[in-house]
Amino acid sequence: MPERLTEMLMDTWTPLIILWITVLPSIYMAPMNQSQVLPSGSSTGLKRLNEEQRVLHRFKRGWVWNQMFVLEEFSGPEPILVGRLHTDLDPGSSKIKYILSGDGAGTIFVINDKTGDIHAMKRLDREEKAEYTLTAQAVDRDTNQPLEPPSEFIIKVQDINDNAPEFVEGPYHATVPEMSVVGTFVTKVTATDADDPVYGNSAKLVYSILEGQPYFSIEPHTAIIKTALPNMDREAKEEYFVVIQAKDMGGHMGGLSGTTTVTITLSDVNDNPPKFAQSLYHFSVMEDVALGEPIGRVKANDLDIGENAKSSYDIIEGDGMDVFEITTDAQTQDGVIRVRKPLDFETRKSYTLKVEAANIHIDPRFLSGGPFKDTATVKVVVEDADEPPVFSSPTYLLEVHENAALNSVLGQVTAHDPDVSSSPIRFSIDRHTDLERQFNINAEDGKITLATPLDRETSTWHNITIVATETRNHSQVSRVPVAIKVLDVNDNAPEFASEHEAFLCENGKPGQVIQIVSAVDKDDPKNGHYFLYSLLPEMVNNPNFTIKKNEDNTLSILAKHSGFSRQKQEVYLLPIVISDSGTPPMSSTGTLTIRVCGCSSDGTVQSCNAEAYVLPIGLSMGALIAILACIILLLVIVVLFVTLRRHKNEPLIIKDDEDVRENIIRYDDEGGGEEDTEAFDIATLQNPDGINGFLPRKDIKPDLQFMPRQGLAPVPNGVDVDEFINVRLHEADNDPTAPPYDSIQIYGYEGKGSAAGSLSSLESSTSDSDQNFDYLSEWGPRFKRLGELYSVGESDKET
């Protein structure tokens with residue numbers, strides 16, 4: 001054993017002591033007789049035991065481990081040897097292989113599988129992990145079969161002083177009452193050291209004050225801060241800044257240290273009395289000031305703060321103690337003087353008060369310093385004022401039944417003038433509060449009457465304002481609220497709460513509840529609503545349904561029999577009479593619609609339409625609608641097709657290419673004269689709609705404002721315009737569709753050498769009187785009538 005320990009210390013090259021755990025044979029307790037113990041040191045006992053008792057098959061363990069130690073933050077040139085594993089089964093033939101597993105095995109700790117030496121490969125930090133649990137096992141190097149059961153052991157990391165103390169909760173804030181005695185507790189600070197508190201003095205701390213003396217002191221080991229000077233005054237200095245140091249290694253040289261700050265505030269105590277800023281105060285007030293209205297403020301100053309500066313004010317002397325009162329303003333600590341009773345200039349014109357201010361919270365320790373109170377004198381002068389009318393009551397409450405008669409008196413308000421002159425009062429209603437003008441008031445005596453009918457169900461309360469005005473000074477006005485409560489009378493009949501529609505299953509059973517209905521009544525009886533339900537007299541013996549009153553003021557509708565059918569009757573109407581219990585009783589009749597529906601076996605409504613019976617099996621209503629729409633669409637297509645075919649089969653009248661409608665064509669382009677045949681396109685005279693078929697002519701009655709002039713004699717020149725005009729004249733004369741009157745056919749294109757000559761008078765050099773219209777008679781019966789018209793015109797002119 002000493003030789004092995006010496007070898008280990010020489011290999012580590014360090015003066016530190018490492019605990020070496022030798023390999024010890026383990027002792028097993030077999031389930032034999034309690035007096036038999038397996039000896040340690042050899043395996044002969046195991047052989048002898050196996051020969052005597054074959055039931056035992058456990059192997060003895062050749063070694064047992066407990067724990068090893070290694071120093072933290074070790075950074076030598078070589079890995080540090082932690083320990084060595086060895087088993088007594090190892091004959092030294094290198095057939096045994098050592099295996100290490102567990103925390104950090106293979107990374108932090110490495111084992112020599114032949115010798116069993118364990119080395120630490122990295123620097124260890126106890127503050128990160130203080131110990132490692134590993135498992136060692138010896139196996140056969142060739143077969144990897146375990147030779148021993150695994151053994152667990154612990155490697156502990158030994159601490160060194162590598163962490164300075166820290167104040168985790170710093171910086172600190174503390175308070176201590178001012179004027180405290182020496183040694184008064186202020187606060188306690190705490191520093192922590194991450195080093196091992198058990199091993200050495202690395203975590204043994206000592207506290208001291210670096211700044212803050214001589215006002216405060218600290219106990220070295222408990223870190224309790226206390227006051228070191230007496231009678232520290234907050235009004236002189238309120239806050240102190242203290243620096244605390246914590247040092248490890250018991251405060252010795254070489255120890256690490258940490259600091260924190262403590263801000264210590266002196267809290268206030270009541271060591272100062274209140275003091276008025278002045279000894280005499282003057283105030284003036286009008287006699288018509290409202291009660292409770294402030295008339296002035298006084299102030300007593302206190303050097304203390306918070307609760308210690310709060311003072312209470314009282315009137316301790318004076319001739320107005322019952323007329324005025326003084327209260328404390330919680331925000332400003334002022335004494336507020338208010339009017340307690342009405343003032344009357346004619347009775348008293350001034351008052352003198354003595355006011356006292358005293359601290360609320362008194363500290364008995366400082367009573368020797370004097371009384372914590374002060375006094376001042378207050379003089380109040382009352383000034384004259386014209387006061388408004390005063391009502392006999394600040395509010396009025398009137399009650400009236402909703403069926404009260406019009407002009408009936410609901411109540412009365414009264415008011416008077418408090419001045420010596422005592423002006424008469426006139427009353428009125430502020431119509432902004434009675435927009436519907438439901439009430440009136442007698443201007444002389446203040447009696448309120450009803451102007452329009454009331455309805456409690458519309459409005460239960462009416463809040464109006466009565467105005468009282470002095471007749472001698474209309475600016476003196478007072479107002480008072482009047483609340484009018486409308487009392488209920490039974491003037492509304494009950495009715496169903498909602499429109500009900502009940503559903504009855506065809507497979508329903510007799511006595512089954514079809515629907516539960518409820519009623520409502522706009523009235524509000526004192527004892528609540530109680531409704532009576534009944535059927536109409538002619539429906540009392542209804543063969544299908546009956547009714548049953550429920551305890552909760554509702555009604556149940558029940559079926560009398562089963563076998564309802566939608567085909568027989570789909571809807572039933574059941575009139576129900578609802579009556580209330582008022583005086584006089586009111587009633588109304590409501591009709592319940594009961595619809596017969598098809599239901600599933602569990603009573604779920606599926607269909608309520610009788611048409612469901614006529615639908616083909618497997619074909620829904622949507623499918624039928626789609627089929628019907630397709631049929632209608634096909635019929636529309638066929639009708640359109642037949643109509644188009646009929647239009648195509650009509651005979652077409654083929655006209656000449658120069659087919660022109662007999663319309664008057666007006667245009668502003670005069671062209672180059674009658675000899676210009678290129679200025680106008682004859683295609684404009686053609687009817688574009690009549691090319692492919694004949695269309696009726698649109699005849700126009702003759703217009704007498706166009707007077708034809710004598711044209712030139714026709715010159716046969718071969719131009720097809722002549723033929724065109726003749727064809728059109730022939731068609732016009734023989735057209736059976738022409739109207740009975742003559743029409744003027746005017747053509748904008750005259751052609752050259754026309755037999756009719758020019759019909760235009762725009763460039764005619766002759767006057768209308770020089771023209772001869774006899775040639776028109778040669779053009780046919782239509783133009784003959786035109787010639788007669790113009791001839792008559794000429795003869796009239798001559799005449």
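Yeah, the Cβs are placed from backbone N, Cα and C, and that goes for glycine too.
According to TrEMBL, the compositional bias 'Low complexity' annotation covers 753-770.
Residues or ranges marked as domain 'Cadherin' in TrEMBL: 87-167 (among others). In the predicted model, the domain 'Cadherin' (87-167) shows an average pLDDT of 83.
Among the features that TrEMBL reports, domain 'Cadherin' is placed at 168-276 (among others).
Taken from TrEMBL, the feature domain 'Cadherin' covers 277-391 (among others).
Helix, strand and coil counts from DSSP across the domain 'Cadherin' (392-496) read 3 helix, 47 strand, 55 coil. Per TrEMBL, the feature domain 'Cadherin' maps to 392-496 (among others).
Feature annotation from TrEMBL assigns domain 'Cadherin' to 496-613 (among others).
Residues or ranges marked as region 'Disordered' in TrEMBL: 753-774.
What TrEMBL lists as transmembrane segment is 613-642.
Under DSSP, the residues of the domain 'Cadherin' (87-167) split into helix, strand and coil as follows: 0 helix, 35 strand, 46 coil. According to DSSP, the secondary structure content of the domain 'Cadherin' (277-391) in residues is 10 helix, 57 strand, 48 coil. For the domain 'Cadherin' (168-276), DSSP puts the residue distribution at 3 helix, 46 strand, 60 coil.
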